[in-house]
């Protein structure tokens, strides 16, 4: 059973994302019709810096719903089922995940936690267990096929032995408002190492496309300037709110 590492790629995003956000925000406060200013936005007549500054000023007031008009789509592979179960908890998103029913898991890839990889005895036990699971999957699938359950019908029952470590692939689409919330929760040190690493890569890709919105995105402490998690859960990177003057 081969060990694998995560890979995150940005497949697509809404075209002209900054101008679209600017138009959406402006329409809320503009008596005219923003479609009439759209050519000026695309031509650069309304400068990017001006658009970004206007959006930032409105976001500071707490009005953020217009950022839902822009979305990003990512392809993610080499992540565990444990991660994807955490990922799909973010319900304001769209997901298309690799099926363990239609994809044969006889030689599944797996993800190994770094803490296990650093411990020689734990690593050896983990690797042996992955081999044992793979062997059990193949044996059960073969027995089911002998009973006439072939293809996906055998896979769908044999998959019950696959572990949380089994690697998966998934396509994820989120709008910017959902992404900002996702980064607040999953870039935080309280998030598990695997999903935090994936979130950090996703944030970097978003910043390349739309720095005006994502430059200061990330864990909540990055925006607030203090840790809101309380004394029990703080990582110490930022002071606690109650300790600030």
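Glycine is no exception: its Cβ is also placed from the backbone N, Cα and C atoms.
Of the listed candidates (61, 65, 106, 152), Swiss-Prot assigns 65 to the same FAD site as 89, 90, 91, 97, 175, 176, 177, 181. Of the residues proposed, 125, 159, 207, the one Swiss-Prot records at the same dUMP site as 86, 87, 88, 89, 97, 98, 99, 100, 101, 186 is 159. Secondary structure of the motif 'ThyX motif' (89-99) per DSSP, as helix, strand and coil residue counts: 0 helix, 4 strand, 7 coil.
Across the domain 'ThyX' (6-220), the model assigns an average pLDDT of 96. In this structure the alpha carbons, written CA, of residue 181 (FAD binding site) and residue 99 (dUMP binding site) are 27 Å apart. Reduced to three states, the DSSP call for residue 101 (dUMP binding site) is coil. Each of the binding-site residues 88, 176 was scored by other CB atoms within 10 A of its CB, and the lowest score goes to 88.
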